[in-house]
Amino acid sequence: MANKLPILILILPIFVLAAASPAQCRHVSVSDGIRDVRQQQGAFIQLNSLTSSDSCEQTYGFLPCTTNVLGNVFLIVVYGYVMFLSAKLLSDGSEILLQIIGPGIIGGFLLPVLSSVPDATIILASGLSGSNETAQSQVSVGMGLLAGSTVMLLTILWGSCLIVGKCDIQGSTAVDLKDTKTFSLTGSGVSTDIWTSYAARIMLISIIPFIIVQIPEVFHISSGSRLAVLISLIVSVSFVLSYSFYQVFQPWIQKRRIARTRHKHLMLFKTIDENSDGYVSATELRALIIGFQFDDIDTNIDAAVERIVKDFDTSRDSCIDIQEFVTGMSRWLNKATAIHRRETRDGNSSSTPRTPRLLNDFNQEATTEQDLLGYDDHNDDEAALSVQNPKWKISKAVLMLLIGTIIAAVCSDPLVDAVDNFSTASSIPSFFVSFIILPFVTSSEVVSTLSFASRKKLRTASLTYSEIYGSVTMSNILSLAVFLGLVYFRQLTWNFSAEVLVILVVCIVTGLIASFRTTFPLWHCLVAFALYPFSLLLVYILDYVFGWS
């Protein structure tokens, strides 16, 4: 990110220089052949599609503004790019902190909130400035971003990840790294783990505030609209706190590590069970240990094998089944870890039994064998241990978060003004402009998410889709809470039934699909892509044909 900071330094002076000569539109006139072409006589044809005679108001009193279409397109690109860099700074800074500090209060509460800062600042900017009438008009920009972010993540990004991450489906599971069926709609796709389904279910729960705020509209209770906004606001804030504290005390990353550890042990069990009878015998265990050729050559292999079998074989049938192996392996590795920590603390490595050390080495060697087969799960578990200069990286991360927050706060208002001015000049409703453009401005991780999904593994697909569902969840509760607070405290009118319906439809369709299955054939991406134009069309029909707005 250091290479992007100079770009910000170069862009900011442009705003200062432009303050001296704010952009003004020109009138394009055509003489009628009789009278002189003068504005006060009105004898000309004005091309309103690209220009306007209305004056614009400079944001903060010095940032450039314009009332023509092309000028506002330019401003949207500039402000949008700066906002994109802000979102990137916040995202990268959060990742660095999470890598060093790990799950906890920072990772469970602060970082998810910071990741929503770009959306929150734009929503606030859309309704804070000006009179209530102006705020009521501009707040559509905030709703467009709120709806557009959810729809974009669950349609375009969701379907694109399915395309780039697809593998051959054999039985009911996509096979890692195997992609020979090209674009078979039923023969290729992606698989995710069960934790990803749980993330989708949490996303479904997050739509409850949207349902609450629409109750007066459904039952035509006009007097209860303001109360519904307040109740929905309270529920949204409660959900934000609950979801954050849940991540603190039950962090998803820890659950996923447990699942990956179990998967690693299962792969190890299959390696040891040479005759594939579902049991590990003492002979098979001894052969594998000898084959690894441990550095501790003085270890009594026979004694070690005897002790392992005795401890693992809880059924006392002289064989170890898969459940006994997983349970015993986890117990031995926890014991080996505790011994290693005690040795490190006491500086004494000679007072401990060698068998736990053997099991620890046994696990490390098995992990190396899995690396040769393409299983690199342990890299994630050990990532935090390889961080160099943690104090410097923490300082860097905090600086990135601070700069990103400041930029988002400063640029959100002029970006909203540019979108609103473009909407006025082009006669395109501001909701549709923000719905299409702003989600790509605030979602800086689209490219990296697609890159991660393209690794074509169940693990990476699971993490990718869990991240998508988590982002939608935070948008549905945190961004909505900001929007509801704006509507309530500024006493604005809630008239977003069509927009809320679109959010509910997309979340419910995708959420139900992802909640009850873990394998998604390629044809699911067609459904996801179709939901995007369907959402735009539905809002247009409901608002401008049936007059819901």
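Residue positions begin at 1 at the first shown residue.
Backbone N, Cα and C atoms are what each Cβ position is placed from, and that goes for glycine too.
Noted in TrEMBL for the protein shown:
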DOMAIN    268-295  domain 'EF-hand'
DOMAIN    300-335  domain 'EF-hand'
SIGNAL    1-20  signal peptide
TRANSMEM  60-84  transmembrane segment
TRANSMEM  96-117  transmembrane segment
TRANSMEM  137-164  transmembrane segment
TRANSMEM  198-215  transmembrane segment
TRANSMEM  227-246  transmembrane segment
TRANSMEM  397-416  transmembrane segment
TRANSMEM  428-447  transmembrane segment
TRANSMEM  468-488  transmembrane segment
TRANSMEM  494-514  transmembrane segment
TRANSMEM  521-542  transmembrane segment
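Outside the transmembrane segment (137-164) by six or more residues, the chain places 119, 122-127, 129-130, 189-190, 416, 419-420, 429-436, 438-440, 442-443, 446, 449-450, 453-454, 461, 464-465, 468, 471-472, 475-476, 479-480, 483, 486-487, 492, 496, 499-500, 502-503, 506-507, 510, 520, 522, 524-529, 531-532, 535, 539 with a CB less than 8 A from a CB of the stretch. Comparing 198-215, 397-416, 428-447, 494-514 for CB pairs under 8 angstroms to the transmembrane segment (521-542), the maximum falls on 494-514. For the domain 'EF-hand' (268-295), the mean pLDDT of the prediction comes to 68. Note on the domain 'EF-hand' (300-335): DSSP counts are 26 helix, 2 strand, 8 coil.
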